[in-house]
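Following: one structure in structure tokens, then a few remarks.
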Amino acid sequence: EQQRYLNAKKYVKLVLVADYIMYLKYGRSLTTLRTRMYDIVNIINLIFQRMNIHVALVGLEIWSNRDKIIVQSSADVTLDLFAKWRETDLLKRKSHDNAQLLTGINFNGPTAGLAYLSGICKPMYSAGIVQDHNKVHHLVAIAMAHEMGHNLGMDHDKDTCTCGARSCVMAGTLSCEPSYLFSDCSRRGHRAFLIKDMPQCILEKPLRTDVVSPPVCGNYFVEVGEECDCGSPATCRDTCCDAATCKLRQGAQCAEGLCCDQCRFKGAGTECRAAKDECDMADLCTGRSAECTDRFQRNGQPCQNNNGYCYNGTCPIMRDQCIALFGPNAAVSQDACFQFNLQGNHYGYCRKEQNTKIACEPQDVKCGRLYCFPSSPATKNPCNIHYSPNDEDKGMVLPGTKCADGKACSNGRCVDVT
């Protein structure tokens with residue numbers, strides 16, 4: 001499974017935000033600024049393609065009236081404010097994997113940008129900020145690719161790191177001879193991060209209707225108006241696709257997809273994806289499409305020897321969640337521990353409404369904070385929780401988890417399984 005994950009194409013669904021100073025800097029022209037932002041993302045996509053990562057612009061926001069955070073010269077303060085705004089505002093409006101702020105402000109010192117290491121897919125940490133430090137857009141694009149590299153688990157290159165050029169993307173300082181290449185160290189760091197964290201959001205391919213940048217034939221994304229996109233005519237190896245037009249060649253039904261074989265749809269009933277577990281189903285081709293639609297067992301079907309119920313293709317049970325948080329010997333705490341969820345304090349609650357924490361009703365206590373017993377010799381406390389103010393949702397009982405016979409958690413309530 002690990003190898004399958006590593007080999008899979010990755011997609012970063014990006015929202016790019018420009019602050020008010022950027023709007024003023026480009027003459028209050030939304031068209032001029034948008035064009036610059038599109039050009040930057042096209043370069044970033046080109047840079048990451050060598051890593052089997054495609055960057056799709058799914059949102060573009062220009063703060064043309066006023067800034068939505070206080071953008072200041074202290075890069076770490078601005079990053080913290082931008083990341084909090086992304087989590088509490090942007091994510092609620094627009095589904096995406098990563099957000100970058102392009103600012104016209106001068107950061108203190110030699111800093112051209114800042115981002116959280118290994119933050120991708122995390123609500124609070126999948127963010128970066130970049131100064132529009134050069135008129136040449138591809139130099140700004142390299143700086144933004146550098147910050148996204150941090151989000152994807154890459155650290156700064158050391159002197160021993162090589163990429164075959166004078167300077168690599170993850171060099172610690174800006175170079176007058178930058179390249180689009182990642183070093184051997186960056187590749188190792190990224191791979192180690194993928195193995196450790198296995199971020200799931202970057203496996204989801206964006207729909208062509210999600211991409212907001214103008215279609216570019218040759219960027220490996222099938223966008224509105226295109227039937228296929230296999231890269232430039234020089235690099236395309238796809239016999240089904242005409243790289244010059246991004247249209248299917250004569251007689252071809254498809255160019256890619258699990259139900260596409262040698263430019264033709266696979267026959268109806270052909271298995272295209274095996275069932276992963278008891279809550280999944282084997283997926284079959286329809287004979288009319290190249291897509292392999294992911295199907296799973298109905299929600300509420302008993303699983304794991306009746307210890308749980310299927311929920312969106314998974315079988316969430318509390319013990320597995322405790323193991324994920326506290327290690328292989330962890331167990332679910334006794335029922336008395338869950339009474340702390342009646343308090344409605346900063347960690348013991350069932351749900352949040354307008355950022356206010358709502359205490360659990362007595363029948364819902366198993367749908368709030370998860371209480372675990374780590375089972376290590378040093379542990380005396382029978383009621384352990386995972387709580388981080390930066391990611392308050394982590395450590396809550398997952399939706400769909402069995403909370404009583406015939407009942408599962410939904411929005412912090414223990415409701416009948418239907």
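From the backbone N, Cα and C atoms, a Cβ is placed for every residue, glycine too.
As recorded in Swiss-Prot:
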{"type": "DOMAIN", "residues": "10-206", "note": "domain 'Peptidase M12B'"}
{"type": "BINDING", "residues": "His146, His150, His156", "note": "Zn(2+) binding site"}
{"type": "DOMAIN", "residues": "214-299", "note": "domain 'Disintegrin'"}
{"type": "BINDING", "residues": "Val216, Asn219, Phe221, Glu223, Glu226, Asp229", "note": "Ca(2+) 1 binding site"}
{"type": "BINDING", "residues": "Asp280, Met281, Asp283, Asp294, Arg295", "note": "Ca(2+) 2 binding site"}
{"type": "CARBOHYD", "residues": "Asn312", "note": "N-linked glycosylation site"}
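Taking Cβ-Cβ distances under 8 Å and a sequence gap of 6 or more within the same chain, the neighbours of His146 (Zn(2+) binding site) are Gly113, Val169, Met170, Ala171.
By the criterion of other Cβ atoms within 10 Å of the residue's own Cβ, the least surrounded of the binding-site residues His150, His156, Arg295 is Arg295. Residue pair Asp294 (Ca(2+) 2 binding site) / Asn312 (N-linked glycosylation site) shows a Cα separation of 11 Å. On the backbone, the CA of Asp283 (Ca(2+) 2 binding site) and the CA of Asn312 (N-linked glycosylation site) stand 15 Å apart.
When the alpha carbons of Asp280 (Ca(2+) 2 binding site) and His150 (Zn(2+) binding site) are compared, the span between them is 34 angstrom. For the pair Val216 (Ca(2+) 1 binding site) and Met281 (Ca(2+) 2 binding site), the C-alpha distance works out to 36 angstrom. With a 10 A radius on its CB, Val216 (Ca(2+) 1 binding site) counts 17 other CB atoms from all the protein chains.
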